[in-house]
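K.L.:
Dropping a structure here in structure tokens format, bear with me for questions.
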Amino acid sequence: MPSQKVRLCFLAVCIFSVTHQVASISVGAFNIQTYGDAKQAAQGPNIAQVLTHYDIVLIQEVRDQDHSALINLKNLLGSTAWDYVSSNPVGRTTRYKEQYVFFYKKVSLNVLGNFQYNDSKSDVFEREPFAVDIEYPSTSLGHAVNVVLMGIHTKPDMALEELQALPTAMTAAKALFPNAAGVIAMGDFNADCSYLNNQEKATLPLFVDPKYRSLIADTVDTTTSTTTDCAYDRIVIEGNADIMADSAKVYRFDTALGLNNTITRAISDHYPVEFRLN
Ligand SMILES: [Ca+2]
Ligand SMILES: [Ca+2]
């Protein structure tokens, strides 16, 4: 049965690559300013280059309700290797809504479920957080780990109020996915400069309660403008010791891809923030 032999060879290669090539997984959160058909047409290849840096990446400020830009982007990334999960459009007005979208490499992890936080009783969030429950092979632990990645893009003028409420949304996601080792909130928190000062930040459990681990320091600059220096984009972990996260930083894709500041700002006013899960 020659065909069976061939199949066994493929299987052996598969097992080898799983045990010897998979390192940690790379996770990012990228606010792609006003991402839709126009942005995709103008900067799609550059955006795809940024996303290929990750195993899973949350993109925010997506305004593409018919998914035409997203499908184009998925095709640029490679539609057999990549997939995405999008939230429904969220936002208080019919005129302006955004989607949260997680793009991921199918070989690196499994997406087991998703969760849209509902705040209709209190209506705190302009764009209610959206989360995915993922399963990835932990190289440190030698087995699969589940974790919830929660995206949030706060309304700038209401950053304090929304960040006060974010732990409640994280708890709700954890309740839905009890097998998860924890919840990692990430995205454009607007947690700096004119939207959140140090006195306000000091009142937020998300940043002061030791059960939360904040990966992006206040001193970091997540803005592509050379005239602003703000740590708007953040990553905060609440979870158990199975979450082995490190290497958190801003991804300077302009430096990595050799893009000048004009092109960089045409892509977005934000750099991604990122970390690795081991
Ligand atoms: Ca709301
Ligand atoms: Ca800057």
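Count begins at 1; order follows the chain as displayed.
Using N, Cα and C of the backbone, Cβ positions are placed for all residues, glycine too.
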K.L.:
Can you look up which of Cys14, Cys193 is joined to Cys230 by a disulfide in TrEMBL?
P.N.:
Cys193
K.L.:
Report the mean pLDDT of the predicted model across the domain 'Endonuclease/exonuclease/phosphatase' (45-227), rounded to a whole number.
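P.N.:
Summarising the domain 'Endonuclease/exonuclease/phosphatase' (45-227) by its mean pLDDT gives 98.
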K.L.:
For the disulfide-bonded residues Cys193, Cys230, which one has the sparsest Cβ surroundings, going by other Cβ atoms within 10 Å?
P.N.:
Cys193
K.L.:
Can you check what DSSP calls Cys193 (disulfide bond), collapsed to helix, strand or coil?
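P.N.:
Cys193 (disulfide bond) sits in a helix per DSSP.
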